[in-house]
Each structure stands twice: as C-alpha cells, then as structure tokens.
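The feature domain 'EamA' is assigned by TrEMBL to 80-211, 233-363. As annotated by TrEMBL, region 'Disordered' applies to 1-36. The annotation transmembrane segment is assigned in TrEMBL to 81-99, 111-129, 141-161, 167-188, 195-215, 235-253, 265-283, 295-313, 325-343, 349-367.
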Amino acid sequence: MVPGQGGEGDAAPAAGEQEPEVPPGREDGPDEVQPRVCPAPGVEAAGAEESRACGCCSGMSWPFCCEAPGTKKKAKCPGLGLFYTILSAFLFSVGSLLLKKVEDIHSVEVSAIRCVFQMAFVLPGLIYYKTGFLGPKDKRIFLFFRGFLGSTAMVLLYYAFQVMPLADATVITFTSPVFTSLLAWIFLKEKYSPWDLLFTLFAVIGVILIARPPFLFGSRVTGIEGSYSDHLKGTIAAIASTLSGASTIIILRKVGKSVHYFLSIWYYAVIGLVGCVIALFVLNEWHLPHCGRDRVFLILIGMLGLGGQIFLTKALQIEKAGPVSIMRTMDVVFAFILQVLFLNHVPTWWTVGGALCVVASSCGTAIRKWRHSVKKAKQRKI
C-alpha cells in the first residue's frame, strides 16, 4: 500500500494493496457482458431467422449485441493496462518522496489534506450516480469500519514515510496481499494453502531484514535514518498500516457489490477527515506550513495520490488483477531510485534482501490468485 491507496485501491488489490474495488459503472464486474439493444436504421426485429451473429459479444445475435454487423470494433491497445499501473506506481512514489521533503508537518495533517482532496473528487460522483451519502442501512456499519480502518492505514503510512527510509516503508507495505490472504482465511473461511503459508513466512523474513531488531542483529544497526527508535516506530506503523489496509479489503469483500465504489471512498474521506481534525486538536499540531514550498508539496501530494488511484482503477478496468498486482511492484523499484537520487540515502544489502523476499512473496500470492481465478473462469465456461 502506498500514499493515496490506503485501502482504496486506495485501489488496491494489487500488491500494496490491495484487491480492486469495483470502479464506477462497473458494478457487474469487468468480465460480464451486458446486452444492449443497438437499433439500426431501416432494420426491424423480423424474427430469429433474420438475426445474425457479429462475434463481438460472445456470439450474441444482432440486434442484441453491442455493435451492428460490419462495424469495426475498436482494437485494444496491448499493454495499456500495465502502462497505467506503472504510471500509478510512479505517481505514488513521487508523492511519497514529496512527503519526505515536507518539513515540520505532522502526518495526521497531511492525511487530513488528502481527505479533503478525496471528498472534492467524490462528491460530484455521488450526486451524479444518486447513491446518497449514507448507503444501505444494513451496510453502514461495514462502511464505517472501512472508512475508519482505511484512514488509519493512511495516517500510519504517512508517519512511517516520515520517520524511516522511503524504500523500507514502501517494501513493508507490499506485504499487504499476504496479510489479506491470512485474514480472509480467518474471517471469511477462504482457502489457505501451504503455499500461502510459505509466502507469509517470506514476507515476515523480509520485514525482519528491514527492521533489523537488535536482539538478532546486535546493538549497532547501520543504514537507517535518524535514531533506531524512530526506525522501529516507523516499522511498527508500516506493519499496522498494512494490517489496517488488509482489513479494509476483507470488509469490502464482505460488503460485495451492493455498495457503490464512490460511496466507499466517501466514507473513507469523511471519517478520515473527522478523525484527523480531532487528533490534530488533541495533539495541538494543526498549523499551516511556514514555507510556500511545503504548501505546494502538500497540494501535490493530494493530487499525485488521487492521480495514482485513478490510473490504478483504470488499469484494473482493462487488465486482469494478477498482472496488475505483479507490475505494481515497480513501486519498490521507483522508491529505491528516488531515495538514492533525491535523498542521498543508499539502501543497505539488508534492505535489498528484505525487498526481494517481500516482492517474491507478493508476486507469488498474486500469481496464485490469478491462476485460481482463471481456472474458475474456465470451469464456468464449461
């Protein structure tokens, strides 16, 4: 999970995140074809003997297919979904870099500003789709916890980025698919195979290599930013953020497709904003940045997080979740590159080893789920 994705994409599914939420207008799932009547001038429904198959809608006969006979179907651009995924990962990484550059701004305040951007984006969608602002009565408790856990994940993630190396925090967030599988086994009774257990162990080993606790690595820990106590706090915050984000995915699976995508984000933004404002008054941390550069950075963080979410959602609309989840590991690559170029912090071999363990675990989980979904799709066709 990366900034702007705390459980929503947050756009997921995706490594880091996250299982995809259902994008607007796609509540019936991307693989289902909805018949639409396409009347053609001068052609009337003359009976079954007059119908012709156009081949564009799994063999449906015209006029119930999406296009009339002879109409050229627009060809898909190969790899466009994966390109959107890489672009999304880049935007999230740049947002994380700017967060490291912002000075004397508490992570809770950054989260509050991000929630304002979310609300401004989602409000027109709620009005357009006429979803209401509260949702179905029997789903409101789930939406509340989705918003609370998602916003908590965002605050903890921003804190982790502020107090520990960029690459370290990014790598830890990529344990989200592994924890999601574990929580789904506990709460949703989903299958948890020996392979899933192996991937979980790989993820735990990766986190240990990044955290490097003194009782295993000795008292002299090198290659960290600031004090080791801050590094440890950041590690704990990143793990807690990952668990919170994984919990939101479990809640979204429980809710299913009965709640619109925009309404889910609305709860995330509203509850997050209210919680952040209360926390800022309690901590007495609310203040505008003194530097104009920091103000620009805060606006850019909100815009980059929102842009990353949009491209990730678009990628999941036109590409299968498995390849998207694997390609999202580019976020780790970007984090390493940006950390070296702009923060002058060369990662240690311990961090590189931990990153390889976590990425292997995340990719293995994604590939297994992808193969399982393909197998189920073939069984349904048979």
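Cβ from N, Cα, C; glycine included.
A TrEMBL annotation is a machine prediction, not a hand-curated record.
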(request) Verify whether three or more Cβ pairs under 8 angstroms connect the transmembrane segment (349-367) with the transmembrane segment (111-129), leaving out any pair fewer than 6 apart in sequence. (result) no
(message) If contact means at least 3 Cβ pairs within less than 8 Å, sequence distance 6 or more, would you call the transmembrane segment (81-99) and the transmembrane segment (265-283) in contact?
(response) no
(request) Would you kindly list the residues that approach the transmembrane segment (265-283) from elsewhere in its chain, counting only those six or more residues past its ends and only Cβ-Cβ distances under 8 Å? (result) 6-8, 10, 21, 106, 108-109, 111-112, 114-116, 118-119, 122-123, 126, 133, 135, 143-144, 146-148, 150-152, 154-155
(message) How about the transmembrane segment (349-367) with the transmembrane segment (141-161) - do they touch, taking at least 3 C-beta pairs under 8 Å (6 or more apart in sequence) as contact?
(response) no
(message) Do any residues, 6 or more residues outside the transmembrane segment (167-188), come within under 8 Å Cβ-to-Cβ of it, and if so which ones?
(response) 1-2, 12-13, 15-19, 93, 96, 157, 160-161, 196, 199-200, 202-203, 206-207, 210, 231, 234-235, 238-239, 241-243, 245-247, 249-250, 253-254, 325, 329, 331-332, 335-336, 339, 347, 351, 354-355, 358-359, 361-362, 365-366, 369
(message) With Cβ-Cβ distances below 8 Å as the criterion, list the same-chain residues six or more beyond the ends of the transmembrane segment (141-161) that contact it, or say none.
(response) 1-3, 6-8, 10, 96, 99-100, 107-108, 110-111, 114-115, 135, 169, 172-173, 233-235, 237-238, 240-242, 244-245, 247-248, 251-252, 254-255, 259, 263-264, 267-272, 275-276, 279
(request) Using a Cβ cut-off of under 8 Å, list the residues of the same chain at least 6 residues beyond the transmembrane segment (195-215) that approach it. (result) 168, 171-172, 175, 178-179, 181-182, 185, 221, 224, 228, 231-232, 235, 239, 350-351, 353-358, 360-362, 364-365, 368
(message) Based on DSSP, tally up the residues of the domain 'EamA' (233-363) by helix, strand and coil.
(response) 109 helix, 0 strand, 22 coil
